[in-house]
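Here's the structure we're looking at; comments come further down.
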Amino acid sequence: MPDFSNRLLARFAGQRFSYRWYSDIQLARQGIVLEQNKEPALSGGIQRICSRTLDHVPIDDLQEGDDIVTIARKAGIIDENTGRPLYLLLDRARNSGCRIIIADALDDEPYISSQLAPALEMTDQLVRGIELAKEAVGAESARIEIYKELGDSPVTIGENLGGVPVDRVGAGYPADNSLIQKHREEKASVFGACALIHLARAVDEKIAQTTVFVTVAGDGVTTSANLEVSIDKTAGELLRQFGLSDETSRVVIGGSMRGVTITDLDSTRVTAQTRGILAMREVFKDYNYTCIGCGKCDDVCPVGLSPYYLYKFVQAGRYSMLEDFDIDLCIGCGTCSYVCPAKLKIASEITRGKMELVQYMNAKKEKEQNEEVRA
Amino acid sequence: MNLIHSRPPHVRSHESNFSVMGDMVISLVPLYLMAYFFYGSRTLVLGAVSVITYTVLDFLCTFLSSRRVGILDLSPVVTGLLIPLMLPASIGFTPVIAADLFAIGVIKQPFGGLGQNIFNPAAGGVAFAVLTWSDSVFRYPVPIESLGNAAARLVSSPAASLRLGATPNYPFTDIFLGIYPGPMGGTGVLILLACFGYLVIRKTISWRPTAAFLGTAALAAFCFPRITTGRFQSVLYELTSGLLLFGAIFLINDPATSPKSQTTRTIYAAIAGVVAMIFRYLGAYEEGLVFAILLMNAFSLFIDMRYEKIRHRERRALYAEQQTETV
């Protein structure tokens, strides 16, 4: 049975059609469709907010004959998806015999469009970046991946952007999870679209990465927008520029599904990994609901875990069961918390359980070692 | 501006306990209207008494056990509405109130209240009424004929004739509209399917467990007919008599007491269909659905654990290579 379902998965993972009908013996699921709320940021273009000192900074020690990977290293380009330096990713892709370059402009989280908007606005630079990456890695082809669900956005995207074919990923959130298998089979390497734009700039204009693309959105600001900001800007500075409301209760760095809240606006600067800054008014007041055991979290988990039982075991502190239920495979996407009708904090409880399990295992190991020494 | 910390995700779906339970209430109200049309206003009084008794007892027990008394999430209302619907319209107030008491005091609250109970409170309460008042629970008034008539004649249901091996003789349209003796909410096939459709469209329940339950029950009725007039007649009367259809929609999909994932819930429902038919064929009463549900509830955790073992193996096989690659 496992063999069969694995083969089934290898065949269908990441494909466009929904295979919910296959019951859920398949494990990697398509995810859920969220309200997108990407407007008006996505169609509004990109505003540039840069300090004078950090605008068009040339690369210091550039020498003639540097190859693309070296330039990427010297320009200090960071991949915005993984937070790793781009030159490491390029290097790894080159060594592993990568055949396809994928420019990731997915933006599957609500509100965020800080990869898609630059890809649409700066298509020339993105295409140039893809070509450079292809050259550096030795890949044969390339494509741009975008998210199919754009909500009510009027933006239309053609079959290709500047000659590079566009792949519309039809999966729900989290889209990247269902694509891992497909990418591995194709020997594809994924690079963030923004990192590729910075690569094109570094090679052609010889400037280092000093700016990042962020989305400022949420109901706590008067309008949402995509920005290109220099990395000395703080979250408060950007939010106030867009009319930060006094009724804002939470400011989130990152996406609305995985981001973290901050309380000190003026000492939090944007980083290369910052994809969005969201200001939210709504307070999730304590609903005082209890779990009714509906099992909706079990049905939506994209890795095929059972969040219901994981949550119960974490709350009861039964660590031995957590291992059997594969808590380590949780990717922390937050889908279970999103669908929960009781508004329980399932995802964060499971994350807590994960950390406590590690501590528990370490303590257990230490105890065993001590006993061995004593014996 | 007062900023607070909170854990991701920072957006939530609009669905809440209140909306889930509200959907259940909305789908149960048409059954009461149908019962009012068939048997008169006494049915509505029965429903109101049951809801009030159950809700008050539930709040009292939650308060006495010093647990958090949440905002009214309508879950006691749902069970309170369910219990009279599984009993005949002529039932006295004592059995209904006793069923409520049993459901709260023995089935639900001792295990920790909402979401923690092992057995379905509605099924448990009705099972108690069946065992205690077995002579009056299985005598039904005739629809429409008994309207407004307190001393109406009581007859046995098609389920009882099936038990004796006799074919009940009702026209097809009557069966479809529910004009035959039976439990208050269990007879109207059309209205029950409409309620089912509403719940499925609202995604409050899934259609699969219900289909699996009815499928295996129909298969059992087809393979081992109790009547001599044909297998298809057997399927028709077995499915429409008694509580089978009602239970397939409202009891099988009870969130707290059934297994948690879609697959296990469907497996559980399929087995429950067979068990319900076994109770009918071999049991002491003409309708053993509530006992079948209670029996299967005891196995739901077991089914989940077995399935989780299979999924554990599959997940490990699937993600083993993925993990080695990223490391």
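Glycine is treated like the rest: Cβ placed from N, Cα and C.
Per TrEMBL, the features are as follows:
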TRANSMEM  B:20-39  transmembrane segment
TRANSMEM  B:45-65  transmembrane segment
TRANSMEM  B:77-107  transmembrane segment
TRANSMEM  B:175-199  transmembrane segment
TRANSMEM  B:211-228  transmembrane segment
TRANSMEM  B:234-253  transmembrane segment
TRANSMEM  B:265-283  transmembrane segment
TRANSMEM  B:289-307  transmembrane segment
Highest-contact recorded stretch vs the transmembrane segment (B:211-228), from B:77-107, B:234-253, B:265-283, CB pairs under 8 Å: B:265-283
Top Cβ-contact partner of the transmembrane segment (B:20-39) among B:77-107, B:175-199, B:234-253, B:289-307 (pairs under 8 Å): B:175-199
Any contact, the transmembrane segment (B:265-283) to the transmembrane segment (B:289-307), with at least 3 Cβ pairs under 8 A: yes
Intrachain neighbours beyond the transmembrane segment (B:289-307), with Cβ under 8 angstroms and 6 or more residues off its ends: 86, 118-120, 123-124, 126-127, 130, 242-244, 247, 251-252, 257-261, 263-264, 267-268, 271-272, 275-276, 278-280, 283
